[in-house]
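> Below is the structure I would like to discuss, written out as C-alpha cells.
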Amino acid sequence: MTALPAASPKKLGLVIDLDICVGCHACAVNCKEWNSGGHAAPLTDFDAYGAKPDGVWFNRIHTFEAGEGAAGRTVHFPKSCMHCETPACVTVCPTGASFKRAADGIVLVDEDKCIGCKLCSWACPYGAREFDSQEGVMKKCTLCIDRIYNETLDERDRVPACVAACPVGARHFGDLGDEDSPVSQLVAERGGYGLMPELGYTPVNQYLPPRPSQARAGCTGATALPVDDVTPARGFLRWVDRLLSR
Amino acid sequence: MHPAYSVIFFTSASGGGYLLLALLALFGALGILPTDPVLGVVGFGVGFVAVTAGLLASTFHLGHPERAWRAFSQWRSSWLSREGVLSLATFVPAGLLAILWVFFGRTSMPLAILTILLALATVSATAMIYASLKPVQRWANGYVLPNYLLLGLASGATWLALITAIVLPAFYATIVLDWTAIIALGLAALGKVAYWRFIDRSRSASTPESATGLGAIGKVRLFAAPHTEENYLLKEMGYQVARKHALKLRLIALALGFTVPAILVFLAMLVSGWAAVALLALATIGNAIGTLTERWLFFAEARHTVTLYYGSEAA
Ligand code: SF4
Ligand code: SF4
C-alpha cells in the first residue's frame, strides 16, 4: 500500500553533524560495500574502471561553500534518504512497491513489485532514490534494516553502515520520535534542522549546523617556544642534550 | 527533467485521442454529427488507436513492463495509478457507444456523458501526475492541468475536423467542427503563453540555502560534487535545455502547433472537397509537430530541486 501509515511514534533516522564531517566519503564507501551484499543488492556499477564510471549509491557527499571571506565556511555535506514523515515518493508509487513502515518509519522499496516507472525519484526533492537500469528497479537507502535488527551482529554493530564507518563521529543513529533519545537531545541542543522544510516532506534525518567559527585560535596546550630552545630539565635527556650541545 | 520520447509521444497521442472520443460522444449526442457508420469506424478507430498506442508507448520506458498491471492497484494515493484505471475505464462506455453508433446507427446520452467525463478525467489524471510533484515548481502549478486539457482538445478537434471532411464531404455542419478546432487551437495557444509567462516570472521557493540549511552563514555554492561523472540523478533530473534554444522552440511550438493550424482550418472553411481536406491535413500535421515540441519543452524546461545540490542557483 502506498498510502502512508498513521504516524508512528518511532522515527528511526540519522543525525549528521556538519561541524565535524571532514568529507572523507568513508560513510558512502561503507554503505556501498555493505549494501552491495545487503537487502537491496546488487548496487549495480557501470564502466566502473572506465572513463565514465556510473553506479547506484545510497549516500553521496557534497561539499559546499557558504558565506564570503573570513566569515565563509567550507561544509562537507553527506546526503541520503531522510525517511520523511510525509514522503511523496511513497504516495506517488502506482504499484505499492514504495512503502513506509508503520513500526519504525523506514521508507523502503519492494523490488519484486517495482515496475521501474521512476516516478518516485521525481517525487523525492532530495535525490535520494537512484534507478538501477540493469535490474530495472528503484533503489534507495534502507537505513540498513539488515544491520540494525540483525541479531547475529554484536550489539554495537547494529547501526547503519555509514554510522559505523564514520571516523570522526559525525553520524548518529537513533529514534527521533523519542524526545529523550540521545539523537533527539543532540538535535535540541545544537539546533538541528531538516532540509527544504518549505516542501513539507518533514524529513526525519536532521542536520547539525556548523558551530560559529572562532575569530582567534584558542590555546592548544602546545609550547610556544621554538623546539631548539627547549632544554630538558633533568635526567638522562639533559645529559644527552649537554653532550650534543658541546 | 529528461524528456523521454515514449512519455512525450504518450501524452501527445493519448491526450488527442481521449478528447477526440469525448468530442465524438458530445457532437453525436447533440445530433450535430450524424451516427454514420463510416464516420463511427474512422472516428472511434482513430481515437482508440491513438489512445492505445499512447498507453503502450508509456510502458516502453518502464524497467519491468511485464509488471505494468500492478500499476492499477494504488489509485487511492497515486495519480499515475488513477490515470491507468481511468484510461482503461474509458474504453467501456466509449466502446459501447462506438458499437451503438456503427452497428445500430444510434447514440446514447448516458454513454456519451460517461465517455466525456472519463476521457476528461483520464487526461486530468495525466496532468496531475506532473502537477502534484512539488520538487518541480514548473510542473506543480495551476497552469498544467488546463494546459493538458486544452492541448488534447486542440488535437482532438483538429483530427475530428479532418476525419469528417474526408468521410462526409459537403457535410452541412462542418462549420461547427471547424470553429471548434479554431477556438480550441486558440485557447491552447493562450494557455501555453500564460504558462510560459508564469515560469519565466516565478521561482521555486527552494534555494541552495534551503536545500542545505546553510543560509545563515551566507550565500551557498557548490564547491565539490560527490562524483566526477554524471549519475542517474543528473541524467534524469539534471537535463536542461539552453535558454536561447528554448525560446526558438517555444516559437516553433506556438506557430506550427496552434497559430498556423488555426489559420489553415479557417481557410479550409472557404474551400471545399479535397482542397479543404488538404488544408486540414496540413493543420493536423503542424499541430502534431507543435504539440510534440511543446511536450518536449515541458520536460526540458522543468527544473528539479535535486539540481540545487549540484550547483544550480534556482530550481
Ligand atoms: S528523502 Fe526522498 S526517498 Fe527518502 S523518504 Fe524523503 S522523499 Fe522519500
Ligand atoms: S519506480 Fe518502482 S518504487 Fe518507484 S514509483 Fe515506480 S513502481 Fe514505485
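Even glycines carry a Cβ here, placed using N, Cα and C.
TrEMBL lists these features:
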TRANSMEM  B:7-32  transmembrane segment
TRANSMEM  B:38-63  transmembrane segment
TRANSMEM  B:84-104  transmembrane segment
TRANSMEM  B:110-133  transmembrane segment
TRANSMEM  B:145-173  transmembrane segment
TRANSMEM  B:179-198  transmembrane segment
TRANSMEM  B:249-268  transmembrane segment
TRANSMEM  B:274-293  transmembrane segment
> Restricting to CB pairs under 8 Å, which listed stretch, B:38-63, B:84-104, B:145-173, is in contact most with the transmembrane segment (B:110-133)?
B:84-104
> Within the same chain, where does the transmembrane segment (B:145-173) have neighbours whose Cβ lies under 8 angstroms from its own Cβ atoms, ignoring anything closer than 6 residues to its ends? I mean 6 or more beyond.
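Non-local partners: 11-12, 15-24, 27, 32-34, 36, 38-39, 42-43, 46-47, 50, 120, 123-124, 126-128, 131, 180-181, 184-185, 187-188, 191-192, 195, 257-258, 261, 265, 268, 272-273, 276-277, 280-281, 283-284, 287-288, 291, 294.
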> Are there residues at least six beyond either end of the transmembrane segment (B:84-104) with Cβ under 8 Å to its Cβ atoms? List them, or say none.
14, 18, 21, 24-25, 28, 35, 37, 40-41, 44, 47-48, 51, 55, 71-72, 75, 111-112, 114-115, 118-119, 121-122, 125
> If you count Cβ pairs under 8 Å, which stretch among B:7-32, B:38-63, B:179-198, B:274-293 touches the transmembrane segment (B:249-268) the most?
B:274-293
> When you check the transmembrane segment (B:274-293) against the transmembrane segment (B:7-32), do you get at least 3 Cβ pairs under 8 Å, counting only pairs 6 or more apart in sequence?
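Answer yes: the transmembrane segment (B:274-293) meets the transmembrane segment (B:7-32) with 3 or more Cβ pairs below 8 Å.
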> May I ask for the residues of the chain that lie six or more residues beyond the transmembrane segment (B:38-63) and have a Cβ under 8 Å from a Cβ within it?
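Distant contacts of the transmembrane segment (B:38-63): 4, 6-7, 9-18, 20-21, 24, 87, 90-91, 94-95, 97-98, 101-102, 156, 159-160, 163-164, 166-168.
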